[in-house]
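Here you go, one structure.
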Amino acid sequence: MLTYGKPFNFQRWIDDHAHLLKPPVGNQQVWQDSDFIVTVVGGPNHRTDYHDDPLEEFFYQLRGNAYLHLWIDGKRERVDLKEGDVFLLPPHVRHSPQRPEAGSVCLVIERQRPAGVVDGFEWYCDACGHLVYRVEVQLKSIVSDLPPLFNAFYASEEKRRCGHCGHVHPGKAV
């Protein structure tokens, strides 16, 4: 028998998991214990963090539209992902996926991180652009590892205060 089971209809899988592809969960991993982290992410979803992935990320915008805010050389840039678009993000490019459309669906594929290779999550000051806070994690599960990290940032005014200008990051997007 195959390790990961038989082929299945992916569109049906998405429809069957649609209730998990919207807030508050927003995403679902297709396979567990694979060399790849294959995640389906639904909208709407607004993030204030920037992910520093040590490896490449593949995006396939299946339904609706989305965009990535990129933090490059101290400036925010935007990459639009229209329905049907694919995009390969290089390692260590800080990115913040934004999915404003309800019902939008994106397939995101990442490699499992080798032991000792960590992901970073960063928040930048809206007033001056400096790094406000960074947390690193040995990522095992996107679904379960991230909420505690994000909630710790949202709950702490100290973590959200910019050390450069004193502005307090608003935390979670509304």
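A Cβ is built for glycine as well, from the same backbone N, Cα and C atoms used for every other residue.
Features from Swiss-Prot:
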BINDING   Arg47  O2 binding site
BINDING   His51, Glu57, His95  Fe cation 1 binding site
BINDING   Glu57, Arg99, Glu110  substrate binding site
BINDING   Cys125, Cys128, Cys162, Cys165  Fe cation 2 binding site
Please tell me which one of the binding-site residues listed here (Glu57, Cys128, Cys165) sits closest to Arg99 (substrate binding site), measuring Cα to Cα?
Glu57
Considering only the binding-site residues Glu57, His95, Cys125, Cys165, which residue has the minimal Cα-Cα separation from Arg47 (O2 binding site)?
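Of the binding-site residues Glu57, His95, Cys125, Cys165, His95 has its Cα closest to that of Arg47 (O2 binding site).
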Which of these binding-site residues is closest to Glu110 (substrate binding site) if you go by CA atoms: His51, Glu57, Cys125, Cys128, Cys165?
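Nearest candidate: Glu57.
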Report the largest Cα to Cα distance, in Å and rounded to a whole number, among the residues Glu57, Arg99, Glu110 that the record lists as binding substrate.
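In whole numbers, the farthest two Cα atoms are 18 Å apart.
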Determine which residues of the same chain, besides Cys125, Cys128, Cys162, Cys165, have their CB within 8 A of the center of the CB atoms at the recorded Fe cation 2 site, and list them by sequence.
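Near the Fe cation 2 site, the remaining chain residues are Asp126, Ala127, Gly129, His130, Val132, Gly163, His164, Gly166, His167.
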Would you count the other C-beta atoms found within 10 angstroms of the C-beta of Glu110 (substrate binding site) for me?
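Total other Cβ atoms inside 10 Å, all chains included: 20.
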Taking only the Cα atoms, work out how far His51 (Fe cation 1 binding site) lies from Cys165 (Fe cation 2 binding site), in Å, as a whole number.
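So the Cα of Cys165 (Fe cation 2 binding site) lies 23 Å away from that of His51 (Fe cation 1 binding site).
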Could you work out which of the binding-site residues (Arg47, His51, His95, Arg99) has its C-beta surrounded by the smallest number of other C-beta atoms within 10 A?
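Among the binding-site residues Arg47, His51, His95, Arg99, the sparsest Cβ neighbourhood within 10 Å belongs to Arg47.
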Non-local Cβ contacts of Cys128 (Fe cation 2 binding site) (under 8 Å, 6 or more apart, same chain)?
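Once residues fewer than 6 apart are set aside, Cys128 (Fe cation 2 binding site) is near Cys162, His164, Cys165, His167.
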Using a 10 angstroms cut-off on Cβ to Cβ distances, just flag whichever of Cys162, Cys165 is the loneliest among these binding-site residues.
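Candidates: the binding-site residues Cys162, Cys165. Fewest Cβ atoms within 10 Å: Cys165.
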In terms of DSSP three-state secondary structure, what is the assignment for Glu110 (substrate binding site)?
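Looking at the DSSP assignment, Glu110 (substrate binding site) belongs to a strand.
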Please report how many Å separate the Cα atom of Glu57 (Fe cation 1 binding site) from that of Cys125 (Fe cation 2 binding site), as a whole number.
25
Translate the DSSP assignment of Arg99 (substrate binding site) into the three-state scheme.
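In three-state terms, Arg99 (substrate binding site) counts as strand.
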Using DSSP with the three-state reduction, classify His51 (Fe cation 1 binding site) as helix, strand or coil.
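Strand, per DSSP.
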